[in-house]
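Asks: Below are the features listed in Swiss-Prot for this protein:
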| type | residues | note |
| --- | --- | --- |
| DOMAIN | 20-187 | domain 'FAD-binding PCMH-type' |
| ACT_SITE | 167 | active site |
C-alpha cells in the first residue's frame, strides 16, 4: 500500500493485455487524484484495457498505473446546464470504465454518438488517448470535455483545444485521461442497435483469438491489411504468434506466444510490404520505432 492508499503489487502484465503477453512489473491501482499524483511522482506508464499494446517479456522498469474505484465508474445522468433537447451531455465517465460496457449502456438509453466504436476492447481513458475507432466512428465523435492529469496538475479541455485526428488525440504521452464527459444525440435504442449491428457485421472477418487489434495504421488511405495480404504474409507464424489468416493486419496469440515472437512478425511485415507502415500498436518499451 502506498502513502496515499493506492494498492501496489507486482503482477504479470500478460494478465492485463488482450494479446496475453508481457512480463512482471509493479502495478499501482489508483482510485483518486491524490493517489494518481503520488503514482506519477516517479517514472510511470498508463495501462488501460490492454488493447493495442505489446509488452516486453521482461516487463517494464517503470510503475504501471491502472485506474480503478471511482476513476472506473460512470455517471450517465444528463447535465441539466449543458444538455439541450437535441444534445445530451453526461456526467463524468471514468477513464477506467470498460468501453464495451459503456457502448451497450448508451445503446439501451437510445443515445447516439459512439456506436461506431462497437467491438473495440479496452477502457475509456486509453481509447480517448489514441482516439480509437473504426471506419464507422471514433471516440472524438462523442466527447464534450476531457479531464487530463499531468505531473503538474489537473486540467479540463475540449476536443477543440486539441490537435486530434486519425488514431491520435493530441494528448501528450504520459498524460492521463482520468475522466470525460460525453456529448451524444437523442435517438432510439432500436436505431442505435441497428448501427451497431451494421458495424459488427463489417468486422466479422476479424480474428477472435487473443490479439491487440490492428497492427499498423492505414497508409494514405490504403488498407494496411490489404498490403499485408498482397505480400503473401497471411498465416505466417513465428513461435506461437501468427498473422491472422482472416485478416493480415492482425497478429494473434495461439497460446504461449512471447513479445519476441510478435516483434519478429512486425519486423517481417515491414520488410516485405513495399511501403512504410506506421505501428498502431504501442510497444513497451519502444523497440521498433514508428
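Sequential numbering from 1, following the chain as shown.
Backbone N, Cα and C atoms are what each Cβ position is placed from, and that goes for glycine too.
Just so it is clear, the model here is predicted, and its values are computed rather than measured.
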Asks: Can you give me the same-chain residues 6 or more apart in sequence from residue 167 (active site) with a CB-CB distance under 8 Å?
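Replies: Correct list: 130, 131, 132, 133, 217, 280.
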Asks: Report the mean pLDDT of the predicted model across the domain 'FAD-binding PCMH-type' (20-187), rounded to a whole number.
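Replies: Average per-residue pLDDT within the domain 'FAD-binding PCMH-type' (20-187): 96.
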